[in-house]
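Notes follow once the structure below has been shown.
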Amino acid sequence: MMAAAGNASKPSLNNFYAEGLGHLREGLFSCFRPVLGYFGGKPTQEIEKTEDEGWEIPFDAISNLEWLGSGSQGAVFHGQYENRTVAVKKVNQLKETEIKHLRHLRHKNIIEFLGVCSKSPCYCIVMEYCPKGQLCTVLRQKNLITRQMFSDWVKEIADGMHYLHQNKVIHRDLKSPNILISAEDSIKICDFGTSHLQKKNDSTMMSFCGTVSWMAPEMIKKEPCNEKVDVYSFGVVLWEMLTRETPYANIAQMAIIFGVGTNILNLPMPEEAPRGLVLLIKQCLSQKGRNRPSFSHIRQHWEIFKPELFEMTEDEWQVAWDSYREFAKAIQYPSTVTKDHGGPKSAFAMEEEMQRKRHEQLNHIKDIRHMYEAKLKRTNKMYDKLQGCFTELKLKEHELAEWERNLAEREQMHVYNSPRSMSAAPRFQLRGNCYPNEAYEEMSSDEDGQCPPCRGSPYRNSNMSTSSGAQSSPFSRQSSCRSSAGQQTRRSEGANAQKISRNDLLRHSSSYWETIGNRGSPARGSGFSQDSGVWSAGVSSMAINGGVQGGVPVTYAQTIYRNGEGRWSDGRIASRRRVSSSANKNLPPVFFTRDSPSRVPHGVVNHSAPRSSSKLNRSSYPSRNAPHQLEDGCCCNHGRVPRAKSVAVSMATRGRSPTPYDNDASDAAENPDIHYELQIPETTSYDEALKSIGETDDVEMDAANGVNPIYSSPITTYNNPCHVNYENVTEENANDIDLTSSMDSRRSRADDADVESSEDEGNGNNILNTSMESEELRYRIDTSQSTMMSSLERSLEIGATRSDGLSDNERRVQAVKHSIKTHRRTSSNPQAIIHQRIEEYSSSATEDSDDAGAVRI
C-alpha cells in the first residue's frame, strides 16, 4: 500500500504542475482576448446574446410530456423537443433555473443541459434524457450486472466528478438517484440544482442541502468544507453499489444526522468483499475531509484495485455480490434510531408517499392548465385584433371602390368642361409693335369643320399650351379658368382634350383655330384683353376680310411683349350682379370676367372725353338692353345660335415682329382702303409706352384683303365678333346693368398708375359703345387671363387698383410689399401654382359698394 501511495505521488505532482501551467496559460491569453476581438472574433456581448437566445426554451415548445417521478426539488417529465426526447425537471423557484455556469459543461459522463424555461408559472430545466433511469433503481432490480459493467460504472463516476472539480464545480448532492444510466449503459451524473461554483481554493461555509444518508459530516455540522464533500458521497455510492441496499435504511433522518455528525453511526463493510475496494470506500468515508483522496487519486487507485476484482469468475462474482446484499440487509441498528424496527414499510409510510406523489402531479396539472389558459387568452386577443383588421380592410376596400366609381362619374360629367393643363409657351424677346402672324384667314361657322391648332401657334397660349392642343387645367398658370366668374371649383384634369385632326397638313401648318362662346374656349375665357399680348385679328387681316365666307371676325388683344408669351400672370376677378329687371328673368345668365374679349372696345375710344358718371358708360361689359347692331358678316340669319361658332384661321406664313424700318407710307399707298394707325415708338420703358399710347389718336380700321396693319396701342379700336346693332334703342338706367367690371368701377385706364394728373385719369377711361349680347346671339364669357410684363409692373398695377388716397410712392411701396408676399411668377411652369390670395376691393365705398365687393380665392 505504501508503494502504491508512493507511485501515486508522482502523478499528483504532475497534475499540480499541469494545473499551474494551465492557469498561467489561461491568464496570459486572457490579456489578449480584447485585442483578438478586433481581428474577426465576435464580441463577448454578441456571443452571450446568441447563447442566451438558444438557452431560453419556451415551455410550449416541448410536447408529449409524461410524468416520471418527483423529489424534494420537483417533478420530472420527459417529452419531445426539436425531434429529440428530453427530460424536463420542473422546479419550484425561478432561482433554481439559474444554471448558466453549467451549460458549458461537456463530458460523456455529465448530463447535458439543453436550456431552461424561466417563464411563469412553469420553471423548468431541460436536459438530456436517459431511458434506463436512476442507478438505485437499476441496482435494486434483479438485472444481471457483470464485473466489467460494475468496474466501468465506478470509473465513469470518478471521471465525471473529476471533470466537475476541474471546472470548479462542487456537486454537493451526489447520490445514486442523481446518477443515471443511458441507453448505452454509461453513467450520466445529473441534478446540479444544489451544485456550488467554487471560486477559491479555501474552504467555504455551505448550506445544509442534499440527502442526509449521503451527506458529509462537515456539511451536517455546517463546518467549512470544500470539494471533499463529494468524495464522501462517492464512498457512500460505492457501498451502495457493492451491497445494492439503501444506506442507513429504516433509520430516522434526525438519527442519521446525529449519528453521522458525531461519528457514532457508520456503514459496516462485508468481510468477503475485495480488499482494495473496501480500502477505497473507507478512505472516502473518513471523518476528516483532509484524509479523503481526490478523484484523481481515486481514478489511479481504481486502476490498481481493478485486477483483484477480475480474479473471480463471473459466476463467483454473482454469488459474492448476492452475499454482499444479504450482509447489508442483516445489519442491526439500535431500536432507538430505527423507524419501524427494521421491518418492511408500514401502510402509513406507503400512503404518505402516495399522497406526496399525487400532490406533485396535481400541482403540475394546475400549472399546465394555468399556462394554457393564459395562452388561450392571448390567442383570443390576437384573433380579435386580426378580425378587426380584416373588417377595417373590407371597409377601406369598399370606400376605395366607391371613390373610384365617383371619380369615374366625375370624369364623365366634366369630360367637356374641364380643360387640361399644358406646358407654357417658350420665351422669346419682342419689342415694339408685334406681328404674330401674316396670313390669309378663313372663317367658318361650322364647328365640325374646325381646323386643328398648329403646334407652336402663338394663339394657343391662353387656353391651350403652345406645345400641345389639349386644354389647360383649371387654375393653372396658363389656364383662363383661374379667375373666371363662372368657374366656382377646381375640376379634374381627366377631361377629354379638344379634337385634334390627324391630318399632318393641318397639324404642322401655321393655321390655328378658336372657338367663340364654347365652355373653356379662348374667346370666352382667354386673356384676350388690352394687355394679354395676343395679336388682334379684328384690326388686321380678320377685319380686312370682313366676314368672308360668312365667318364672324374674332377679336384678339395686343400689347407690348417684354419677355415672350411664356410669361403668365394671375387672372382678374370680376363681380357679378343679379338682374333687377323682371323683364330679363327669362334671359339666360351672362357671365363676365375682366380682360375678356367683351370688355375690349369695338369702336373708336375717345381718350379726351371726360369720365362719365353713369355706370352704364363706365362698365366694360355692355348692358343687356344696350343698342345692338348685327354685322353684315354674321351667318346666323338673326336666329338664336344653339351653340358656339368656331372660327378657323389658316395662316400662310409665320408671324414676325416688325422693325422700325417698316415703310408705312408705301404700304398705305399700295392699299388705299386700309387706314393705318400710328406706330408706337420704340421705348424701353413700360410707363413711357403707355403715356405715348394715350397721346395717340384713334383711327378706325377698315377691311382690306390679306394685308396686316401695323399694331396699335393696347387701347384701340376692336371689332366685336358678336356685335349686333339695333336702332332706336334707348339707354337704360345703370341699375339694369347685369354685370359691371370689378376693375373699371374703381380705376381708370391701364396707365393710371403712372399718370401724375387727375385730368389724365379722367381722360383715360375705357367706354364700350357696343354690346356683346343681343336677343339673337348671346355668348358666355367665363374666364380671363392677364399677362403682365414683370413682377414690379404687376405690383404697381395692383397698387393703383387698390388706391386709398395715398401718394404715388406710398402706393408703389405697398404694391411691391404685397407682391413679394403673395405673387409668384414663373416663365414656364406646366403645374398649377396655387396662390395664397387674390383680393380686390372697391375704391369708392359710396359709389361702387353695391357693384364690387371683396372677392377672395
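In case you wondered, yes, glycine gets a Cβ from its N, Cα and C as well.
The following features are taken from Swiss-Prot:
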- Asp173: active site, proton acceptor (ACT_SITE)
- Leu68, Gly69, Ser70, Gly71, Ser72, Gln73, Gly74, Ala75, Val76, Lys89: ATP binding site (BINDING)
- 467-488: compositional bias 'Low complexity' (COMPBIAS)
- 609-623: compositional bias 'Polar residues' (COMPBIAS)
- 753-762: compositional bias 'Acidic residues' (COMPBIAS)
- 763-772: compositional bias 'Polar residues' (COMPBIAS)
- 62-304: domain 'Protein kinase' (DOMAIN)
- 441-503: region 'Disordered' (REGION)
- 572-625: region 'Disordered' (REGION)
- 733-775: region 'Disordered' (REGION)
- 818-857: region 'Disordered' (REGION)
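Distance from the CA of the residue listed as 'active site, proton acceptor' to the CA of Ser70 (ATP binding site) is 16 Å. When the binding-site residues Leu68, Gly74, Val76 are compared by Cα distance to the residue listed as 'active site, proton acceptor', the shortest distance belongs to Gly74. On the 0 to 100 pLDDT scale, the domain 'Protein kinase' (62-304) averages 85 in the predicted structure. Shown are the binding-site residues Leu68, Val76; of these, the residue with the fewest other Cβ atoms within 10 Å is Leu68. The secondary structure of Leu68 (ATP binding site), as reduced to three states from DSSP, is extended strand. The number of other CB atoms found within 10 A of the CB of Ser70 (ATP binding site), across every protein chain shown, is 20. Following the DSSP three-state reduction, the secondary structure of Gly74 (ATP binding site) is coil. Taking a C-beta cut-off of under 8 angstroms and a sequence separation of 6 or more, Gly74 (ATP binding site) has the following same-chain neighbours: Lys89, Lys90, Val91, Asn92, Glu96, Glu360. A coil conformation is recorded for Asp173 (active site, proton acceptor) in the three-state DSSP classification, outside any helix or strand.
The Cβ neighbour count for the residue listed as 'active site, proton acceptor', using a 10 Å radius over every protein chain in view, is 23.
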